[in-house]
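Undergrad: Just lifted these from TrEMBL, have a look:
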TRANSMEM  A:24-46  transmembrane segment
TRANSMEM  A:58-78  transmembrane segment
TRANSMEM  A:90-107  transmembrane segment
TRANSMEM  A:128-148  transmembrane segment
TRANSMEM  A:154-176  transmembrane segment
TRANSMEM  A:188-206  transmembrane segment
Amino acid sequence: MDTDQLIRSLAADNAHRAPRVGTVLTMALLVAAPLSILIFATFLGVRSDVMSAMHNPFFDMKFAVTLSLAIPAIIVSLHLSRPEALLRGWGWLLLLPVGLLAVAIGGEAMMAPTMPMSMRLMGKNSRVCLLAIPAMSLPLLAGALFGLRHGAPSHPALAGALAGLVSAGLAATLYASHCTDDSPLFVATWYTLATALVAAVGALAGSKVLRY
Amino acid sequence: MRGREDEWTGLMRSAMAGDDAAYHRLLKAVTPVLRAAARRGLARAGQPPDQAEDIVQEILLAVHLKRHTWDSEAPFAPWLFAIARNKLIDALRRRGRRVFVNIDDFAETLPGETPQETASAGEVTAQLNTLPQRQRDVLQSIAVDSASIKDTAAKYSMSEGAVRVALHRGLAALTAKLRDD
């Protein structure tokens, strides 16, 4: 087929309209979310003292941190689904959860310690945290990658890592309601490790499936 | 250069608003620029220039299937060159070369560069034969025989909607095959 002929067939297909990447990503995440919630409901569940925990600002802070990861990661991943887009000017959005955690750690340090620092950092759930967040992330990661495949990222591994951050942020939001470790030191350590793991898997998968 | 790129942006806006003729003109207008850049990229990688047309066709397919990622408020050329650059890098990598392509390869095309005749490319033609019968028939009819959607529908006793679906699926399948091979 010569190029003029190819162009003729492309022009004939001009009426075809694809949905926006944001629409496809939203739908894919909505389809994946019930699977992650099922894992949560089957193996974890909301902690029993949730009513009193809600009065603890460090419990609430966990959700602020996880959502400040998930939402900016969605925004940045959509931005990067355009081929000419650069991370420059947008990357700082991903520092939001880091800033929030730093403030929370500072706040906790100024209060009279209820537990020694090492106990707050190690907590009781570090192993569950490292397992549960990646496990609940997997369906969401698959959904995020499916959605971003609809885009045209120039850096598939980076876009995949962002899909990892989206899914880890959402999974960590679920997990935060189960976990009884509320210290920002615990969150900064174990949530971050779990998130980094998911981002690495996302980058690896993205470099394969997000090429267009 | 500015003028040429503004014209492209205008044509693409019309195309997205449903003007098929504007879309056809736009693709015809960008093809010589893409071809020249593909040749330069191949030359720099020490590859024969005769593969340029395969790369041009791959770029055109990607432009077509990803045009919903273009923001109609933004200029068209940077978006086009980003896609072209990605496709050129992919194509060179598949041929076993790791090459860094300069985006200026695309932007710096001389306006006086003579547009070449349309050329045939082996890869799309080869993959065309692996498509399901119906998609191949529709693509052949529209691309090669220059039949309209309406005439193609009559020829194969299909509805126009079915022709459109087969055409789009055929183009998407071609792109996937070219990428994954």
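In case you wondered, yes, glycine gets a Cβ from its N, Cα and C as well.
Are these features on the surface or tucked inside, and what are their neighbours?
TA: Taking Cβ pairs closer than 8 Å, the transmembrane segment (A:24-46) reaches residues 74, 77-78, 128, 132, 135-140, 142-144, 146-148, 150, 166, 170-171, 174-175, 177-178 in its own chain, all 6 or more past its ends.
Residues 29, 33, 36-37, 40, 44, 59, 62-63, 66-67, 69-71, 73-74, 76-77, 80-81, 83-85, 87, 94, 97, 129, 132-138, 140-141, 143-145, 148, 191, 194-195, 198-211 of the same chain lie 6 or more positions beyond the ends of the transmembrane segment (A:154-176) yet place their CB under 8 Å from a CB of it.
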Undergrad: By a Cβ-Cβ criterion of under 8 Å, what residues six or more beyond either terminus of the transmembrane segment (A:188-206) are in contact with it?
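TA: Residues 62, 65-66, 69, 101, 105, 121, 123, 125-126, 129-130, 132-134, 137, 141, 144-145, 148, 153, 156-165, 167-169, 171-172, 175, 181.
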